[in-house]
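S.K.: What follows is a single structure, and I will ask about it in a moment.
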């Protein structure tokens, strides 16, 4: 365990540098990072499919034909999945905030309706906090529905800024503990 701890401590600067670079990239060019990430994942899946296909075709003569048939089918499926992932990832990524936006709108309408409903369980409870919360949910949902891709970019920017802040805090903490030791 001490060996693992020493390894992490020894290469902590490398982890901080990688986090800083990724955070800066996410903060300033989130679209490029998304495109590169999608491309790398698609390439990885395609390479796995190609390796499996080559392996299955080479071993076709030496192994039972049924097993190599399954391997060929699985490998071709991986290649097709990689191609579909490459072309469909951005629309699917943009659809997630749209769907979440619709859910937020429905939840907000429900909260506003519950705030103004005639059923009062408690006499001295005002409905306004529930109504304000519902209106905020509706506004957030509308923003997600109107601009889903911008919402994803904003989320990536927030994540990038968080990574940069973590690196800065890690550096300050490291300097503090060096002085203490």
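Placement of Cβ uses the backbone N, Cα and C atoms for every residue, glycine included.
So TrEMBL says this about it:
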TRANSMEM  12-30  transmembrane segment
TRANSMEM  36-57  transmembrane segment
TRANSMEM  69-88  transmembrane segment
TRANSMEM  94-113  transmembrane segment
TRANSMEM  125-146  transmembrane segment
TRANSMEM  158-177  transmembrane segment
S.K.: Give me the stretch from 12-30, 36-57, 125-146, 158-177 with the greatest number of Cβ pairs under 8 Å to the transmembrane segment (69-88).
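M.R.: By Cβ pairs under 8 Å, 36-57 leads among 12-30, 36-57, 125-146, 158-177.
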S.K.: Find the member of 36-57, 94-113, 158-177 that has more C-beta pairs under 8 Å to the transmembrane segment (12-30) than any other listed stretch.
M.R.: 158-177
